[in-house]
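J.: Have a look at this one before I ask anything.
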Amino acid sequence: MLYGFEYGREKAEAWIFTFLTSFIFDLLITQPLKIFLLALFFALIIKKPDQSDEDVPPPTPVQEDEEYLGLYHMAAGKLSSKAAGQVGPPDAGQLQTARERRFVEVGMRTALYDAGFYFVYILLLLVVANGNRDTSMFHLTRHLQDTFGESFSEVTDTESFWTFLRESVIPETHAQHWYNDDPFSHRGFLQDSTSFVVGNARLRQLRVKTNASCAVPRSFANILDDCDESYSLWTADDVSHDVGWRALVQNDNETSAGLQPWKYHFASLSVASPLYGLFSSYYDGGYIVELSDNMTADLATVDELEQLGWMDDNTRAVIIEMIVYNPNANLFSTVELMAEFSTIGKAFPQTQVTTVRLYQYVTDWGYVMMAFQIAFILVTIIFCIRELKNIFNLQKEYFKRFWKVVELTVCLLSLASIGVQLYTFYLLSEFNSVHEGRTVETRFLKYKQIGSWLQTDTYLLAWLVCVACLKLLHLLRFNKHVERGAKMAGAAAEPLGHFFLVFFSTFSAFCMIAYLVFGTSVDGFGTYVTVMETMVATMMGEFDYYAIQDHNWLLGPAVFFFYLLICYNGMVFMFLTIFNEARKEVSLRERHEDKSENRKIAELAEQRLRTFVGKVSSKMRKESRDRVTELRKEDRGDLYTWGSVKGSAVLVR
């Protein structure tokens with residue numbers, strides 16, 4: 001290299017570049033290619049296969065009590081050295097057996113993968129569904145029900161409703177003293193001094209129009225001026241009125257404080273969940289009265305509303321709504337006390353308390369829950385991608401398989417739950433980030449909206465957990481009893497279809513006669529739906545025979561006797577007979593058919609498990625024997641040493 005510098009820098013660099021290029025090309029391309037070609041030449045042309053029998057050991061002579069086994073067994077009992085070293089190709093039977101075993105191994109591997117993946121999914125689902133559940137939810141709900149529900153159940157008319165407001169709602173929502181009678185200076189707390197009323201409580205009335213579509217019969221025209229209409233979307237009153245439900249003059253200012261209780265507030269689209277009463281369903285909106293955080297002012301408001309006739313014969317429902325927050329448990333409760341006024345003039349009270357946790361990510365466990373929710377979303381995405389691949393591969397056949405439809409249902413419910421959770425998180429983030437220009441009514445509606453969406457997510461998770469746990473039966477199909485149960489259900493499907501047709505016809509017939517005979521006076525037979533519930537409970541052994549007998553001493557016992565005779569005894573025995581015949585059919589079919597794929601997979605898995613356990617136990621037994629041997633050697637050595645010491649002592653003596 002130093003010698004090359006005599007020719008100048010450019011020539012020296014060119015020489016070095018040429019040298020390195022040649023060396024690298026020769027090292028990486030030329031020499032390996034040359035070696036490969038030489039090896040190929042010697043292997044294919046020059047070298048010949050060794051056909052000598054010198055290295056093959058002769059077969060071991062057969063003793064009198066021995067015989068050849070396996071591939072080395074010959075009819076004459078003798079093997080030549082050449083035949084002993086050669087194995088022929090397997091026949092068609094051996095290939096078929098190996099192929100079937102390979103399919104079973106692939107099926108076992110797939111089943112283990114599916115089971116592992118689904119157990120991970122179930123674990124994440126159970127944590128997500130129950131992670132935010134707390135026993136405090138039940139206790140807070142029961143506390144609010146005891147606070148308002150017991151006294152509210154005594155409301156029967158308008159007068160008792162106003163009394164309930166004065167003596168229960170207003171005192172309970174305005175704490176005045178501590179438990180030791182010291183004055184309580186904070187406003188907006190319940191009497192327990194820990195639960196805070198978010199915003200203020202409010203009254204919401206839903207009413208019908210006057211003489212909307214109801215006409216007084218001619219026979220009572222001289223007695224009644226108008227008639228009361230049932231509540232529905234078509235008869236609901238949705239216009240603003242003047243004080244005392246008079247027609248509103250166009251020049252009047254609807255925004256004045258005096259007209260607010262008589263002004264109609266349209267339903268918010270964000271709060272679409274209705275309240276279900278005994279006679280109708282009641283959506284959001286209506287005539288709203290906002291209470292305050294001052295007890296004296298609220299009592300004056302109630303007195304004024306009663307004097308002005310805010311509740312009259314057109315009132316169909318008055319709902320007391322409030323949102324209660326307990327900071328110690330970090331729980332929100334939506335309290336809805338609905339008094340439903342029927343056309344017969346009686347009020348039917350109904351209490352509904354829904355407790356949720358709005359602020360979920362404020363503790364260490366909340367962040368753990370966030371990690372589980374993110375993992376659940378990722379696993380759900382993988383699950384849905386798998387199902388999309390199965391739908392693409394199986395196409396119409398996918399929807400003909402029951403468990404595939406169950407898996408699709410699990411995917412759809414998971415996506416729906418994730419969507420509701422993300423939307424609720426968005427609403428809560430938006431609510432916490434913007435506070436300016438927000439009225440008390442707006443805050444109330446936002447909290448109610450978020451609470452209703454969280455409750456919807458709870459219902460979705462409940463159905464999802466139910467369906468996902470039922471899917472575990474499919475993973476247990478390798479158990480012979482579970483597999484036999486599925487076969488029995490398939491064999492009994494057609495007879496059960498005919499049976500249920502006969503059963504529902506007979507059951508409906510007895511429900512109709514019970515509704516017509518007992519519907520006017522016996523509890524549990526007032527509506528056709530409650531009649532069906534009562535008749536099912538009767539089949540389960542829960543009934544009030546004496547109430548039926550007291551209503552009609554002849555028809556009551558007759559209907560009761562024939563119903564139990566036909567529906568309970570006859571239909572139940574027929575149902576059991578169908579399954580008994582299906583069991584016999586499945587047992588007969590199993591005797592004449594080969595083992596199913598699931599049974600082969602289960603036996604192979606059991607064999608592999610026993611082999612693994614046997615190896616482990618053999619290793620443990622060997623280690624135990626070695627340890628015992630070592631201990632015996634140590635004991636012998638100690639005994640020898642003691643004998644030597646004792647002999648030495650004798651010699652010394």
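Cβ atoms are placed via backbone N, Cα and C, with glycine included.
Not my notes, these are from TrEMBL:
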DISULFID  Cys214-Cys227  disulfide bond
DOMAIN    152-359  domain 'Polycystin'
DOMAIN    360-585  domain 'Polycystin cation channel PKD1/PKD2'
TRANSMEM  15-46  transmembrane segment
TRANSMEM  111-129  transmembrane segment
TRANSMEM  365-385  transmembrane segment
TRANSMEM  405-428  transmembrane segment
TRANSMEM  460-478  transmembrane segment
TRANSMEM  499-518  transmembrane segment
TRANSMEM  560-579  transmembrane segment
J.: How about the transmembrane segment (499-518) with the transmembrane segment (560-579) - do they touch, taking at least 3 C-beta pairs under 8 Å (6 or more apart in sequence) as contact?
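T.: These two segments touch.
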J.: Return the count of C-beta atoms lying within 10 angstroms of the C-beta of Cys227 (disulfide bond), excluding that atom itself.
T.: 15
J.: When each of 15-46, 460-478, 560-579 is checked against the transmembrane segment (405-428) for Cβ pairs under 8 Å, which one has the most?
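T.: Out of the listed stretches, 460-478 contacts the transmembrane segment (405-428) most.
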J.: For the transmembrane segment (460-478), name the stretch out of 15-46, 111-129, 365-385, 560-579 with the most CB-CB pairs under 8 Å.
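T.: It is 111-129 that shares the most Cβ pairs under 8 Å with the transmembrane segment (460-478).
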J.: Apart from its near flanks, which chain residues at least 6 from the ends of the transmembrane segment (560-579) lie with a Cβ under 8 angstroms of it?
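T.: Sequence-distant neighbours of the transmembrane segment (560-579): 488, 492, 495-496, 499, 502-503, 506-507, 510, 514, 535, 538-539, 543, 545, 548.
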J.: What three-state secondary structure does DSSP assign to Cys227 (disulfide bond)?
T.: coil
J.: Taking residues 6+ outside the transmembrane segment (111-129), which of them lie with a CB under 8 Å of any CB in it?
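T.: Beyond its ends, the transmembrane segment (111-129) has Cβ neighbours at 369, 372-373, 375-376, 379-380, 382-383, 414, 461-462, 464-465, 468-469, 471-472, 475, 478, 601, 605.
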